[in-house]
Amino acid sequence: MQKGTIQNSDIFLDNIAKSLGRERKETVIRPTWHHQPQWDVLANYTQNQLVDVLEAQCKSIHTDLIRTCKENLNETLLKVIKNFHGKTVMTSDDSRFEMFGLKDHFNEYKQREDIDVHTWDKTDGDTSIRVAERADVGITFSDITLAESGTVVLFSDEGKGRSVSLLPATYIALIPQSTLVPRMSQATKEIHRQVENRERVSSCVNFISGPSNSADIEMNLVVGVHGPIKATYIVIEDQ
Amino acid sequence: MPMHIGEKEFSSRVNKGLEDDFMRGAVRSAQGRLQTNRAKAADELGDWEEWRYLGQEIRQHTMENLDFYLKQLSEKVAERGGHVYFAETAEDANNYVKQVINKKNAKKVAKSKSMVTEEIALNDALEEQGCEVVETDLGEYILQIDDHDPPSHIVAPALHKNKEQIRDVFKDKLGYTNTEKPEELTLFAREQLRKEFLAADVGITGCNFAVAESGSFALVTNEGNARMVSTLPKTQITVMGMERIVPTWEELDVMVSLLTRAAVGQKLTSYVTALTGPKDETEVDGPEEFHLVIVDNGRSKILGTEFQEALHCIRCAACINVCPVYRHVGGHAYGSIYPGPIGAVLTPLLGGYEDYKELPYASSLCGACTEVCPVKIPLHEQLILHRKKIVEDEKKSGFGENVAMSGFGIMAGSSRLFNTATRMAPYLVTPYAKDNAISKGPGPVKPWTDIRDLPVPQKERFRDWFKSRKTGG
Ligand code: SF4
């Protein structure tokens, strides 16, 4: 990718240094913070305990949580899709749909239930966005799952479009239990590690906690604004 | 809309607020709810104080090294193919955005909520050149449709409007035919705005926090409009106040955790979206072109002064939600898009004493704001500093003390506001009250009594206030 431009930087930054009463700084070492309470949250919880925390938190974010195992995943998913009155479904293009044995079943959905399952197609972006926009259900896997806040973290890439979890009327997150961590700190630590190792950070990292909502009218909570109106998490035992 | 809103005279804005019963009721109940939520979220965390110290330490370190972190940020954004423009003034920032929009020949801009673009009056600048700007945050959308009614709260901008008013605005302006139920109003807005997102040529966002180490920035929202704005339009422009930055992703975690708890009592909002540069070449959604505009607009003049901590603000509005003065006069009375305690500190710094010297007096100095601030900004101390400076400045300019007191005079002149502002005071000053007049008081009351003897505020006020506060009423 071509490098971008930077304009006016020196005047602007010199001005800041001047206000601070010193020369410009060329290096700064980030200190070790004196207080670090974030690492104590849900420390030493087992994966099973973290699922319990996640489940409890889902209640306050208007999200259904269903636990299942690999064997029952297909039936569970189909039930949730039908529950959302899904006729058109958009999924991300993620190898885990195959790994968890869902890909093969998607073909049957059409015959059995007249449900169309589309996969995000990087070679035909316009169509992908259009289909996502009128889809009843969007489905993605979670990359990292935060128990404390009931959050799925999605790293965008060519197969994992931003629209899949955003434009459809409802959203289903598939959560392999092994993706659970206590809170946001573990996810941002991982991204910090990527940066330090000069790995490429995803152009869009979404932290999603339930369906969209707003309290802008007389502080009344309304669930479902611009993003999905409903959300369900399916936690899959995978260890 | 520039930073200044409403009538020029502070006293007429205040009286207007005091007369608007609906608005005051709405503010009261919103404050109650937000306060309870915040307190609950802080309790749940257990060691809220530790978190606040951490937040304060991070903000301090970042401000002290701001030139370094901004430089790092800009280089990382450019490495990822984004363009960075450092704008010293509001005008510089607006001109740059206009130029990008002209180049793209864009007719429609979809915007997600951003205080800094309000501050620099970006919408006006764009509309002048014939570009349609659509605000997509529900509250901002309502205000925009209602002939650009100014926001009255930094997190819930349409707080002063009731659902019937909103229904009527939608009916008059957009042909809405349903009821005043919030669900129906929201669904209608969703449908209207969906079309706008799909049609917009350019998306404009604010920035809650930029991350220096990777050139990323995070948007913290519940509605999902910021995701729309950063997913669908082909060009994205992000405008940030220069202080809205953290060193690494690890600090992003801390600041976001503090923000969502302090602002709305949530562990995280529905969406925290962290974006880095434009979309990758192989990705299909997301902007092809990305511009970051970093705005000074008076902020560097605050750096290195005794007011530097005002730049630590993360715009959570917790101080606004506990402020007894805001509770009575509402957001519009401050005459600034930044209301409440932080507005009273920040607005005179950005806009000058000339227009805003009354604001530091719109406070009872009860200290509730300082107590809830998630990054420990000593708000009421900053207000005292302002008062001292105002008095000194005016003494120096030879106008004498009477003029110097004019800010205070306006407060005392409005007896309803004066009573409001002193609501917390009796509890603090009783031992010092002689003959129903206060001579010298301790702590926060001192600057008031330094100015002149005050009548003793009525005793039951504090208790009244406290009772209604506890029941969230
Ligand atoms: S001053 Fe503190 S409490 Fe007020 S908005 Fe800023 S961060 Fe929040």
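Every residue gets a Cβ built from N, Cα and C, even glycine.
Listed in TrEMBL:
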type    : residues                               : note
DOMAIN  : B:303-325                              : domain '4Fe-4S ferredoxin-type'
BINDING : B:Cys313, B:Cys316, B:Cys319, B:Cys373 : [4Fe-4S] cluster 1 binding site
BINDING : B:Cys323, B:Cys366, B:Cys369           : [4Fe-4S] cluster 2 binding site
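For ligand 1, the nearby binding-site residues are B:Cys319; that is, of B:Cys319, B:Cys323, B:Cys366, these have a C-beta under 6 Å from one of its atoms.
Take the CB of B:Cys319 ([4Fe-4S] cluster 1 binding site) and look out to 10 A: across all protein chains shown you find 26 other CB atoms. Under DSSP, B:Cys323 ([4Fe-4S] cluster 2 binding site) is assigned to coil, being neither helix nor strand in the three-state scheme. Between the C-alpha atoms of B:Cys323 ([4Fe-4S] cluster 2 binding site) and B:Cys316 ([4Fe-4S] cluster 1 binding site), the distance comes to 13 Å. The binding-site residues under consideration are B:Cys316, B:Cys323. Their Cβ neighbour counts within 10 Å are lowest for B:Cys316. Taking CA atoms as the reference points, B:Cys373 ([4Fe-4S] cluster 1 binding site) and B:Cys366 ([4Fe-4S] cluster 2 binding site) are 14 Å apart. Within 10 Å of B:Cys369 ([4Fe-4S] cluster 2 binding site), counting C-alpha to C-alpha distances, fall the following of the binding-site residues B:Cys313, B:Cys316, B:Cys319: B:Cys319. Least crowded of the binding-site residues (B:Cys313, B:Cys369), judged by neighbouring Cβ atoms within 10 Å of its own Cβ: B:Cys313. Rounded to a whole value, the Cα-Cα separation of B:Cys313 ([4Fe-4S] cluster 1 binding site) and B:Cys366 ([4Fe-4S] cluster 2 binding site) is 19 Å. Confidence across the domain '4Fe-4S ferredoxin-type' (B:303-325), taken as the mean pLDDT and rounded to a whole number, stands at 94. The [4Fe-4S] cluster 2 site is defined by B:Cys323, B:Cys366, B:Cys369, and by the 8 Å test on Cβ atoms against their centroid, the other residues of the chain that qualify are B:Cys319, B:Val322, B:Pro324, B:Val325, B:Tyr326, B:Gly340, B:Pro341, B:Ser363, B:Ser364, B:Leu365, B:Gly367, B:Ala368, B:Thr370, B:Leu379, B:His380.
Around B:Cys373 ([4Fe-4S] cluster 1 binding site), taking its Cβ as the centre, 26 other Cβ atoms fall within 10 Å, counting all chains.
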